[in-house]
Amino acid sequence: MCELSESASAGAPELLRRAEKLDAADELRALRDRFVLDDVVYLDGNSLGALPRHVPDRLADVVRREWGELRIRSWQESGWWTAPERIGDRIAPLLGAAPGQIVVGDSTSVNVFKALVAAVRLARQEQQGSGPRDEILVDATTFPTDGYIAGSAARMTGCTLRPVVPEEVPGALSGRTAAVLLNHVDYRTGRLHDLPSLTAAVHEAGAYAVWDLCHSAGALPVGLDEHGVALAVGCTYKFLNGGPGAPAFLYVRRALQDRFDSPLPGWTSHAEPFGMHATYVPAEGAVRGRVGTPDILSMLALEAALDVWDGVSVEAVRAKSLALTDFFLDCVAAYVPTGRVECVTPRAHEERGSQVALRCPDAGPVMERLIAAGVVGDFRHPDVLRFGFTPLYLRFADVERAARVLGRVLAGT
Ligand SMILES: Cc1ncc(COP(=O)(O)O)c(C=O)c1O
Ligand SMILES: Nc1c(O)cccc1C(=O)C[C@H](N)C(=O)O
């Protein structure tokens, strides 16, 4: 939770001057031109990222030429068959992963299922002496799909499911824990959890952590390899701007790939998919995380969208993200009537993702009025106004304007 009154003394002229200065000094400011945007202040890139300008032409080429003219030949000649692992390797540097560990495909929900069941199987392969590994811990504050999938994964593997808030995971681990499903950034509050220390604690207990990176991929450095993460999943339609329903990703640490036992061993994860064998033999490497035929149109839209990252470091994106959210909090403190909202996003940088969540009892109608006034965030049940900050295309002037309009809406004027 954060205090909103710290710099409430600043007024509109000063905040406008600050916005101008920050925009002038912003080394990422030219990137905005790579996107299709209008006069709306778009603070919903944590739900659906904006459209990169060059994607429609690339998609048109995929449809007209690769599909329309080359047809079946495109699986080889246009590189369709290897798109899941090729695009996984494009995402890898943004997540701090070496090549060969990420495949793209399916939804995050499906990848949560693959990773979580595989995590339980890994823990059981290593089980020594003591009792059975028959418990899955799940982030009690998780985006609902993860909880639902974890419930089913637990039933299928004969585990019990225990919801625990991430901070309490270390104390909840035991010799029974098989797997722990955690969110890097909380979808509602924007709280960033301590991935390195939680991963270490889970592994120390002989269990495996599965990280959902939906709200951190493309927003901040994750350091998958550096922090010894075993398994991670995430979506690509938020901060990676892959488009509505863009395929998700699955990371399987190289050292574990030989033992990764997918609960969805579809034919495209087979060592010899066109051998049409009756017996399943998994492919080497991250490819064994694949399932069925990749959805090529979405996948290639994502691949094109990733071009906007050429020459851009996640570290620079993170620095701007923190500056944007700091500035937004200052502007909210200045413009919003005292006590009208409560900020549920932590002030501390090391605990903040790339969003700000403000709580107020009438958040639903407030967000409707805000959207009508040209500031798009979203409402999360029951009382949260959620604002996502995408450093690739947001300006500090947008942030000041969003807070000023919010202040007006909340004051009812
Ligand atoms: C943390 C988190 N996990 C999973 C999902 C859902 O993933 P999907 O609908 O792509 O399966 C979302 C958002 O939709 C999310 O915010
Ligand atoms: N995936 C979404 C969708 O298909 C429609 C509307 C919103 C979404 C979202 O991504 C929601 C998002 N994960 C959230 O954090 O609330």
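Just so it is clear, glycine is given a Cβ too, placed from its N, Cα and C backbone atoms.
According to TrEMBL, the pyridoxal 5'-phosphate binding site annotation covers Thr108, Ser109, Phe143, Pro144, Thr145, Asp146, Asp212, His215, Tyr237, Trp267, Thr293. Taken residue by residue with DSSP, Thr108 (pyridoxal 5'-phosphate binding site) is part of a helix. Its Cβ taken as reference, Thr108 (pyridoxal 5'-phosphate binding site) is surrounded by 23 other Cβ atoms within 10 Å in the chains shown.
DSSP gives Lys238 (N6-(pyridoxal phosphate)lysine) a coil state; it is part of no helix or strand. According to TrEMBL, the feature N6-(pyridoxal phosphate)lysine maps to Lys238.
Lys238 (N6-(pyridoxal phosphate)lysine) and Thr293 (pyridoxal 5'-phosphate binding site) are 23 Å apart (CA-CA, integer value). Non-local neighbourhood of Asp212 (pyridoxal 5'-phosphate binding site): Thr108, Val112, Thr142, Phe143, Asp146, Leu181, Leu182, Asn183, His184, Ala232, Val233, Gly234, each in the same chain, at least six residues away, with C-beta under 8 Å from its C-beta. Cβ environment of Thr145 (pyridoxal 5'-phosphate binding site): Thr108, Ser109, Val112 lie under 8 Å away, each six or more residues apart in the same chain. Counting only same-chain residues at least 6 apart in sequence, those with a Cβ under 8 Å from the Cβ of Tyr237 (pyridoxal 5'-phosphate binding site) are Leu48, Gly49, Gly243, Pro244, Gly245, Ala246.
Note: Lys238 (N6-(pyridoxal phosphate)lysine) has non-local neighbours Gly45, Asn46, Ser47, Leu48, Gly49, Cys214, His215, Ala217, Gly218, Ala219, Gly388, i.e. same-chain residues 6+ apart with C-beta under 8 A of its own C-beta. Ligand 1 lies under 6 Å from the Cβ of the following binding-site residues, listed in sequence order from Thr108, Phe143, Thr145, Asp212, Tyr237: Thr108, Phe143, Thr145, Asp212.
For Phe143 (pyridoxal 5'-phosphate binding site), other Cβ atoms within 10 Å of its Cβ number 19.
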